[in-house]
Amino acid sequence: GDILDDYLRTDGIWILTRNKQSYKTNNEKECAEKCEAERNFNCRAFLFTSKKLQCLTLAENAKMTVAFNSMDAVLYEKKIYLLQCKKGIGKDYRGMEAKTRRGIPCQKWTEKTPHNPNYTPEKHPDAGLEENYCRNPDNDEKGPWCYTTDPATRFDYCNIPECEGQCMQCNGEDYNGEVSRTESGLECQHWDAQEPHMHGFTLKHFPEKDLKMNYCRNPDGEPRPWCFTTSPTKRWEYCNIPRCTTHLLVSGLGSQCLSGKGEDYQGRIAITESGNVCQHWNTQFPHRHGWIPNRYPCKGLEENYCRNPDGEKRPWCYTINSSIRWEYCAIPHCDGTEQGIAGMSNTPVQVPLSEECYRGKGQSYRGTASITASGKKCQAWNSMFPHRHEKTPDRFPNADLRDNYCRNPDGDNSPWCFTTDPSMRWDYCNLKRCNDQTQE
């Protein structure tokens, strides 16, 4: 295969690292060859700039240091150093786990206390014996291990989950295996093909989703990996990927306060900003929905706590008020301030923040309303859940299909959206026409 297949590409990013070497190369492949041949340090990544044709081999990747935007730069990171899982016995495991399965910190491979090691970087230069990371230099059938910092325990095994190549974690968003048939046995259509089914899921538009060959993938947050099929009568279907028996270890307890959009919020607030009690995620009353906890095991959908499983502006929940389907929650900011557009008022946050009306058929509407006339929350245009569709941002580049805002990309009577209610595919939005201010 291509040498670049072993790297994860990220455009427009630069990382700071002290250990680096500069080379003149003509293209990314030549730069990758420099990284493979690097002898000054263990090359984990490289930066390439197309204008200056500059190649920088790096000892660190974005997981280990500070990153910032840089228009002309392209970062390539070796996938083997990004994987926090093992394939088979983990001989090639190069992750950063540094404690045993019982939680004891590992001893550094270069140290001689409390245990004098048989396996050292000098004796085994290709085994990745860096720092105190778990490794498998002796091909132990039980997988990666390390010498421990407990004088009473010379060594122990580490708790490294299986890689997605054999199974899937969570909803298989990071699955990069080679299954290429659907659960009913249909062969998958190649992602770079538009026959028999046209679609917008191309490597160009989703460079980080590993859309290679015709392998099953989950680029859009579906419950599990899927693919378009080669059958003209079946557009797409899920793939039968087994779930990993060993679960990924979630670092810490999750955030108890709001940072960013609050996608990592794991606190126990269960009331909306207007005072409505949240509906339990595992119930379908009073509001039916698709966010079922056992379908999304890594989204933290416990009890009725506020969460942000879909990349909304901030954590939210369905409410037990039958007339209000969902609302945002007031979560304390990690810096001490409180988040909330409407504060703690009794008004649901359903008011567009800029334009409050549309002109004509609303094809020029660029406001931020995202609620339908029936009170449903809009589905994001780049999402295929719960409704699969072809009104994607890349197919309608001039329609401003951002987030889940109401739009009219197809010349309908007024702005509309797909809804997050599995039982209602789409609806017109709760907007007024500018000229007469009448409710549409």
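One is the number of the first residue shown, and numbering goes on along the chain from there.
Keep in mind that glycine also has a Cβ here, set from the backbone N, Cα and C atoms.
Candidates considered were Cys244, Cys257, Cys417; TrEMBL assigns the disulfide partner of Cys334 as Cys257.
Of the listed cysteines (Cys188, Cys244), only Cys188 is recorded by TrEMBL as the disulfide partner of Cys227.
For Cys434, the disulfide partner recorded in TrEMBL among Cys317, Cys329, Cys357, Cys378 is Cys357. Disulfide pairing as given by TrEMBL: among Cys167, Cys170, Cys306, Cys317, Cys244 connects to Cys167. When the disulfide-bonded residues Cys216, Cys257, Cys378, Cys417 are screened for a C-alpha within 10 angstroms of the C-alpha of Cys429 (disulfide bond), the residues that qualify, in sequence order, are Cys378, Cys417. Spacing of Cys216 (disulfide bond) relative to Cys227 (disulfide bond) is 5 Å (Cα to Cα, whole number). Predicted-model confidence for the domain 'Kringle' (166-244) is 86, expressed as mean pLDDT.
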